[in-house]
Amino acid sequence: MNMAAPTASAAALADPRAPRTSPVDRADLGREEARIGGLEDYVALTKPRIVALVLVTVTVGYLLGARGAANPFYLASALVGTALVAASGSVWNQVVERSRDARMRRTARRPIPSGRVSAGKAAVFGTALGLAGLALLLVGPHPVAAAVALVTFVLYAFVYTLLKPVTTLNTAVGAVPGALPPVIGWAAATGQLGIEAWALFLIVFLWQFPHFLAIAWIHREDYARGGHRMLPCVDPLGVLTGRQAAGHALVLVPVGLLPVAIGLAGPVYCIGALALGLYYLAGAVRFWQDVSDATARRLLGASFLHLPAILLLLLLNPLPA
């Protein structure tokens, strides 16, 4: 099988839905296609910003699980191992959906669809990252952490990615691996998957729905061009999109207080989490009442404040074991 990714220009000829490019755009793409993939392209394949967010949630999960008795070696192993597995998932995600990426304005210049890195080389790179990460988690923190990381990789790189052009439920499926990194951190610290780990999972899981629905609404035309079945692509008026964003934000308010109920966090966290949850809910309700790019961007901004602040409060106001 020929694993070479189609170029953006070839995709445009093959699919009338592909974005039309100006002469300048075509020249830029041509220069990109002519350049052999360098280190920066392989780094880009790993989606460093996503890996950074993953590392934040892993750190929070580990430190909460360690309860003041963190092992620096196990923490470092958990972070590096999870980072490698997350990077592997991102690489394989782009290998699998390279033809759809070539049709989207947001992704046409990625290393694989632009032709700078072949799909075959990317697959080898991604596999090496994943194996190294899993090995580090196995010999370092705890095998349970490695098992959760493997599940995260499979769900994201293959199940979620393959469902994107098939069903709007892909967002719910993709939210599962997106919420597992703090569970990896907790498992690395304790070797268990206790109720505390699943409380962290639920917070991150629910947070993703308003966040990603806002992104999908803003880029709905591009997602449709790429053949992705995101909810806004089949909901032109945004009725269901806004309702789901508000509904998940509403459920997140009480779920955000679970760490208090199970003895993981104290009163400062309780007050802060409640305020942040209501703030996020207000943004989601505004988006529901007036579905537009403007309200979607405001909701997206609220999401970027909510989760980091929640995680910071968890670290600042934990309860002793």
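Cβ from N, Cα, C; glycine included.
Remember, it's a predicted structure, so these values are computed and weren't measured experimentally.
The compositional bias 'Low complexity' annotation in TrEMBL covers 1-16.
Among the features that TrEMBL reports, region 'Disordered' is placed at 1-27.
For 50-67 (among others), the entry in TrEMBL reads transmembrane segment.
Sequence-distant contacts of the transmembrane segment (73-96) (same chain, at least 6 residues past either end, Cβ-Cβ under 8 Å): 45-47, 50-51, 54-55, 58-59, 62-63, 66, 110-112, 119, 122-123, 125-127, 129-130, 132-137, 139-142, 145-146, 149-150, 152-153, 156-158, 160-162, 177, 181, 184-185, 188-189. Taken from TrEMBL, the feature transmembrane segment applies to 73-96 (among others).
What TrEMBL lists as transmembrane segment is 117-138 (among others).
If you look up TrEMBL, you'll see 144-163 (among others) marked as transmembrane segment.
Annotated transmembrane segment per TrEMBL: 195-218 (among others), in sequence order.
Residues 64, 195-196, 199-200, 202-203, 206-207, 302, 305-306, 309-310, 313-314, 316-319 of the same chain lie 6+ residues outside the transmembrane segment (250-279) yet bring a C-beta within less than 8 angstroms of a C-beta in it. Residues or ranges marked as transmembrane segment in TrEMBL: 250-279 (among others).
Packing against the transmembrane segment (299-316) from elsewhere in the chain are residues 56-57, 60, 63-64, 203-204, 207, 210-211, 214-215, 218, 245, 256, 259, 264-265, 268-269, 272-273, 276-277, 279-280, 282-284, 286-287: each is 6 or more residues past its ends and has a CB under 8 Å from a CB in it. Here TrEMBL flags 299-316 (among others) as transmembrane segment.
Distant neighbours of the transmembrane segment (195-218): 57, 60-61, 64-65, 171-172, 174-176, 178-183, 186-187, 230-233, 238, 241, 244-246, 248-249, 251-252, 255-256, 258-259, 262, 264, 280, 283-284, 287, 291, 293, 296-297, 299-300, 302-303, 306-307, 310; these residues of the same chain sit at least 6 beyond its ends, with a Cβ under 8 Å from one of its Cβ atoms.
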